[in-house]
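**Student:** Structure below; questions to follow.
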Amino acid sequence: MNLRELVSALSDFASPSLAESWDNVGLLVEPSPPHIVNTLFLTNDLTEEVMEEAVQKKADLVLSYHPPIFTPLKRVTWKTWKERLVVRALENRIGIYSPHTAYDAIPHGVNNWLTKGLGACTSVPLHPSTAPSSPAEGTHRVEFCADAEHVDAVLSKIKDIPEISCLTTLPVRVEGEEQTRVSLNCSQKALLEVVALLSQNSLLYHKTEILLLQKPLLPHTGMGRLCTLSEPVSLSDIIERIKGHLKLPHVRVAVGVGRTLESPVKKAALCAGSGSSVLKGAEADLYLTGEMSHHDVLDAVANGISVILCEHSNTERGFLSELRDTLAIHLKNQVNIIVSEKDRDPLQVA
């Protein structure tokens, strides 16, 4: 597939608009066009060892779950390992694409895969995503009626305000008088200027309606998951299930105050990777994630919530095999998809 065609297909699979605002997702490194992708190479982390593997396996595009370019690069030299990744990619005509938190949010993504380690359960996002294009622009809608004497002057001033969109006018009849109904979308910042303008005319201001434009929630989409198990299971059994699902010999466990390893778990809140901010405040018997700060673990335990930590990328990497099969169907088997054998969590139990 042509690279741009493939990137479009990947965006259809998981829209980058679903990623967190702080994230850096999408096509990060692009070889000069035209660039044909025969082999798509999947990895959780793009290290230098993994990049060498991608070169050896003649990959044309690396899909790295974690973005190897996160903070801005001021130069591309051989000095730091992330700069060297870019150099090696371009020298070998390998593109780099990262979906990161877009894959966390989608219903068929990383967090959904992680729920399978709990056993039979139903789940909902802890922080639901909103539809990115509805409404298309603005945070507020302002509507008011003005008579012929004032409408042109008001419209002239409104058009000078930045961040105004969807400005429409409609002739209406109000109390037997011909007037113009004005409707516009605006940002929070522009709203202050619009209100200040309209408040100069008390008659206009009192006829003004301001509506908050809220985007609808997307079903089954968002950060984290709150899972309700079909049947309560002891914490010790959940630990064994998680170890089996993630293929780990060990996990770290903190038992909540008033709980034991035999206490039943009915609700579990989970987040792949680093879950502190996503899980905070969730009402559950168990928090499952890769890593949490020491003090956030203490808070959870004090509230009677047990915590299972598996190390950051261990809660993500196993998804790649499922992703390979799902993407093969989505891309209609037009691209050879392989999973890195060198990719691994940097932490080991010694």
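Note that Cβ sites are derived from N, Cα and C of the backbone, with glycine treated the same way.
Keep in mind that TrEMBL annotations are predicted by a computer and have not been checked by a curator.
The following feature annotations were taken from TrEMBL:
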BINDING   His66, Asp104, His312, Glu316  divalent metal cation binding site
**Student:** Is it possible to get the count of other C-beta atoms within 10 angstroms of the C-beta of His66 (divalent metal cation binding site)?
**Tutor:** 17
**Student:** Counting Cβ neighbours within 10 Å across all chains shown, tell me which of the binding-site residues Asp104, Glu316 comes out on top.
**Tutor:** Asp104
**Student:** Within 10 Å of the Cβ of His312 (divalent metal cation binding site), how many other Cβ atoms can you find? Include all protein chains, please.
**Tutor:** 21
**Student:** For the recorded divalent metal cation site formed by His66, Asp104, His312, Glu316, name the remaining residues of the chain with Cβ within 8 Å of the site's Cβ center, in chain order.
**Tutor:** Asn44, Tyr65, His100, Val110, Ala272, Gly273, Ser274, Gly290, Ser313, Thr315
